[in-house]
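Enquirer: The structure follows.
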Amino acid sequence: MTAADYRAIFLAELCRIAPDIDPETVGDGDHIQDDLGLDSMDVLNLVVALHDRLGVDIPEKDYPQIATPTLASDYLSRNV
Amino acid sequence: MGVFAMPSLGADMEAGTLVEWLVKPGDKVHRGDVVAVVETQKGAIEIEIFEDGTVQEILAELGSELPVGAPLAVVLAEGNAPPAAAEAPEPALPSQPPTDAPDAAPSPARPPAPRPAPPPATDRPRASPAARQRADALGVDISTLRGSGPGGAILLADVEHAAPGRPAAKPSPIEEMRKAIAAAMTRAKRTIPHFYLSETIDVDPAIAFLEDRNAGLPPDQRILLGALFVRAATLAAAKVKVMNGHYIEDRGFVPSEAVNTGVAIALRSGGLVAPALMDAGSMTLAETMAGMRDLVTRTRAGRLRGSEMTEGTITVSSLGETGAEAMTGVIFPPQVALVGIGAPHLRPWVVEDAVVPRHVVTLTLSADHRVSDGRQAARFIAVFEDLMKRPEDL
């Protein structure tokens, strides 16, 4: 899978756990907590969703590395 | 035989709009079953039935706005005969809906056929059956709408807003929620003599406990600091019973055996809801965490239950992991206490005669002075603080 594929998966799961976010309005550098308003429970739900979909186990210390779509697609490319 | 009526889903609720029936005549129902969905100012709420029986007749029409107490359905209790008026009970046939519309506005054309439970939505936009029905009647293409309901669902009001040539007479769902919060908070500040006690609490033991515990676990078993706060507040409320219950105008304080801890959840679209974690007192820490995740997920999807909206006995409002350090909250009536918890901040802290950096949170307990006094509030905080020192016991 390419980084673009991972970005698409990340965005799809992000919008599934936060259905009020319109994926078309999410910028590559948007921070999921500071800009998109996810709380810590939403972030955990996102990590669970990525784990279920891709089998990737993102430890808590790595959460900053999935904080934006760009960071996340890069992280997922390296770790899935 | 009993009449199942529109329940009150909050002290400030006057009416709700019936948007979905999940049962039909002839269905057996059991206490606690979700039987219908009602749109309120706080979004779509699943309403439960509180007796066992068989649905005899559906009285309320989809899309109608009904006051609290309005009859929705006739439910035949176990073993009871149908009423004499129904000469030939044919439970498979839906009854004729009442024709007297609650308002003068022309009602949309009645659907030609009985409405069975709609199939689960597949790739269609999320919308209530009533919203779809109204969209058909008004000629609105529902796929072009952006829902403003919890979870992005398209609400009846969104359809009415989008209808061509129709003045936007009704405020949007977000404005409706703002009004509901305004009513509840104004009532709280007008009727509840609040008093407040605060304490700053070292949470490094709790953070270390969670880091250690979560390190080896898959994501769905990890626990957040917020769950420790909810668990500690639940145990403190079970001990200091004067913080756990409802204040009813003509009865005074009615303590609750069960601790149903409300969890304040902010909505990105604005506003907040505080659904209760039912019987949190009997949960383990892991169950508390799982229950909170479920509440957040269902809040985002707009699928909370009526009991969760009305049966909370104390509320925890936590500012999360970043942000302001303290919050003095407003009690959610008819409850009598609210636990406000600021975000953890790194501060110089004295531990065994040395100043060390520690993560601390400031807890502020808002309590109802008609029911409790400073001593009891201090006791609640002491129990909470003690539990945060030994998180493995939570």
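Cβ coordinates come from backbone N, Cα and C, glycine included.
From TrEMBL, here are the annotated features:
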- B:1-76: domain 'Lipoyl-binding' (DOMAIN)
- B:83-134: region 'Disordered' (REGION)
- B:91-100: compositional bias 'Pro residues' (COMPBIAS)
- B:108-122: compositional bias 'Pro residues' (COMPBIAS)
- B:126-163: domain 'Peripheral subunit-binding (PSBD)' (DOMAIN)
Enquirer: Over the span of the domain 'Lipoyl-binding' (B:1-76), count residues by DSSP class, listing helix, strand and coil in order.
Expert: 0 helix, 41 strand, 35 coil
Enquirer: Looking only at the domain 'Lipoyl-binding' (B:1-76), what is the mean pLDDT?
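Expert: Mean pLDDT for the domain 'Lipoyl-binding' (B:1-76): 88.
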Enquirer: Please list, for the domain 'Peripheral subunit-binding (PSBD)' (B:126-163), how many residues fall into helix, strand and coil according to DSSP.
Expert: 23 helix, 2 strand, 13 coil
